[in-house]
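Participant: When I checked TrEMBL for this same protein, it listed these features:
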- 6-28: transmembrane segment (TRANSMEM)
- 40-60: transmembrane segment (TRANSMEM)
- 72-93: transmembrane segment (TRANSMEM)
- 105-125: transmembrane segment (TRANSMEM)
- 131-152: transmembrane segment (TRANSMEM)
- 164-186: transmembrane segment (TRANSMEM)
- 192-211: transmembrane segment (TRANSMEM)
Amino acid sequence: MAETIRLAVAVLGNAASVALYAAPMVTFRRVIRKKSTEEFSCFPYIIGLLNCLLFTWYGLPVVSYKWENFPLVTVNGVGIVLELSYVLIYFWYASAKGKVKVAMTAIPVLLVLSIIAAVSAFAFHDNHHRKLLVGSIGLGVSVTMYGSPLIVMKKVIQTKSVEFMPLPLSMCSFLATVFWLIYGLFIRDIFVAGPSAVGTPLGILQLVLYCKYRKGSVVEDPSKGDLEKGNLEKVEMEIGKVEMNVTNHMNGHS
């Protein structure tokens, strides 16, 4: 019975996390349409890719005992595909200077990952110490990413509007943290439960803020016609920035 519940929680956690991984697609549709990365930064997606790679490595039988953490491999495997896609799209449409920045960020990140993988695989000869090394680094990366949702919440409080904090994303974020926290407690793994122990209170706070400020959202009066093109561009840019922060938040859950 306990095994069935654990599996069900893992499946639900995977579903909620994948929904969050897909969130930046709106941003990158804009990048493709504009053929420009504009003010967007690629850094969160590169760090997100690192986080997914770390926890995929953590879940593989090289680090974990057999396939005890298989759900981590599946959800972070999807994350790797999406995050890598975002990075490649960004690189393709970035300016020459932007491409250099992407390379200067991505190469050290991949080198760090390679070193971690090599040390964990060859310097340690048991799963306990391998998990301790990879899990500690992954936990540190995940927890530091929780500064981003705080930026989103600060914007909501300042503007008294949830225009840039959509309820579906906030709800998925909350559910993902809850499911992964439960899963981590089930398997008694601090490196799985730890990030969500931080993320769950933040998810609750986001929902509380949404309930408090939802009436402050901008509602366009149809009699006034459409927004001017300049305003639409501004709104779209803001939404893209917020989605970038949401991505950071989500990556900490996996």
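Just so it is clear, glycine is given a Cβ too, placed from its N, Cα and C backbone atoms.
Predicted automatically and left uncurated, TrEMBL annotations should be read as such.
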Participant: I'd like to know if the transmembrane segment (6-28) touches the transmembrane segment (72-93) in this structure, counting it as a touch only when three or more C-beta pairs sit under 8 Å and are separated by 6 or more positions.
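Facilitator: Judged by the Cβ rule, the two regions touch, with the required three close pairs present.
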Participant: Would you kindly list the residues that approach the transmembrane segment (192-211) from elsewhere in its chain, counting only those six or more residues past its ends and only Cβ-Cβ distances under 8 Å?
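Facilitator: Residues packing against the transmembrane segment (192-211) from afar: 69, 72, 139, 142-143, 146, 149-150, 152-153, 156-157, 162, 165, 167, 170-171, 173-178, 180-181, 183-185, 249, 252-253.
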Participant: Applying the under-8 angstroms CB criterion, which one of 6-28, 40-60, 164-186 scores highest with the transmembrane segment (131-152)?
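Facilitator: Most contacts with the transmembrane segment (131-152): 40-60.
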